[in-house]
Amino acid sequence: MNLLIPAAGIGRRMGGSRNKLLLTLLGKSLLSWTLEAAVKSDHITWIGIIGQPIDFPDFQKNISDLSTDKHIELIEGGATRQESVYNGLQALPSAAERVLIHDGARCLATPELLDRCAVEILKCPGIIASVPVKDTIKVVDPSGIIQDTPNRRNLWAAQTPQGFDVKLLKECHKKGQILGWEVTDDAALFEKCGLPVKILEGEETNLKVTTPLDLKIAEFILLKAL
C-alpha cells in the first residue's frame with residue numbers, strides 16, 4: 001500500500017513560524033512518530049512525504065533515524081493542502097492503484113489503524129477513518145443564533161488516514177481545479193464528484209496536533225502507552 005503524508009504546514013496556531021511537524025514530542029519530532037507507525041505497518045510499502053524544500057534536510061534526518069528498507073520519498077508540496085496532495089498523487093509509483101493519505105500532525109495513529117485502512121480501501125473506492133461525535137453540535141447563522149441541532153447519531157468527526165482509488169482521486173482533483181473547488185480534505189472532493197466514501201472507525205487517541213495544548217495531550221497519551 002502507498003502512503004502520502006502531507007507535511008507542508010506552518011504551525012501558526014502553535015505560535016511559531018516553523019513547520020510544526022518538526023516540533024519535539026518526547027525527544028522525537030511529530031513527523032518521526034508518524035513515520036514510525038508507517039514503518040511498523042504490515043501493509044505500507046511506499047511512503048511519500050509532501051513538504052517544502054526548506055524542510056527537506058530535517059525530514060531527511062528523521063528518515064535516517066529510522067530502521068527500515070521501505071521506500072520513502074520527499075515530494076515538493078504546493079501552497080495549500082489540496083495542491084500538495086495533488087503533487088503527491090503525481091509522484092506515486094506508476095503501478096499504484098490505491099493510496100492512503102495521512103496528516104503528519106496526527107502523530108499518534110497506530111500501525112494497526114493504518115493496516116485496517118489499507119485492507120478496507122481494497123474493498124471500496126474511498127474510505128475515511130472517523131470517530132462518533134460525542135458532543136451536541138449546534139448549527140448557527142452568521143449572528144450566532146442557533147438554527148439547527150443535528151442528530152448526533154449521524155455525525156462523525158473526520159480523521160486520517162483517508163484512502164482512495166488513485167485513478168478516481170486524480171480525476172476528482174483535476175475536476176476540482178477546473179471548477180475552482182477549495183476543500184479541506186480529499187473525501188470532500190469525492191463527495192463533490194458523487195463518489196461514495198465509507199466510514200471506518202478510527203481511534204480516539206488519533207488527535208491532530210494543532211495547538212500547544214494538543215502537544216501536551218499527545219505527550220500524556222504517549223507516556224501512558226510507552
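Glycine residues also receive a Cβ, built from the backbone N, Cα and C atoms like all the rest.
What Swiss-Prot records for Arg13 (among others) is site 'Transition state stabilizer', and it gives sequence analysis as the kind of evidence.
The site 'Transition state stabilizer' annotation in Swiss-Prot covers Lys20 (among others) and is backed by sequence analysis. Lys20 (site 'Transition state stabilizer') has a Cβ environment of 23 other Cβ atoms inside 10 Å.
The C-beta environment of Arg152 (site 'Positions MEP for the nucleophilic attack'), restricted to residues of the same chain at least 6 apart in sequence and closer than 8 Å, consists of Pro132, Val133, Lys134, Asp135, Thr136, Ile137. Sequence annotations record features per position, and here Swiss-Prot assigns site 'Positions MEP for the nucleophilic attack' to Arg152 (among others).
Reduced to three states, the DSSP call for Lys208 (site 'Positions MEP for the nucleophilic attack') is coil. The Cβ of Lys208 (site 'Positions MEP for the nucleophilic attack') lies under 8 Å from the Cβ of Asp103, Ala105, Arg106, Gln159, Asp214, each of which sits 6+ residues away along the same chain. Positions annotated as site 'Positions MEP for the nucleophilic attack' by Swiss-Prot, on the basis of sequence analysis: Lys208 (among others).
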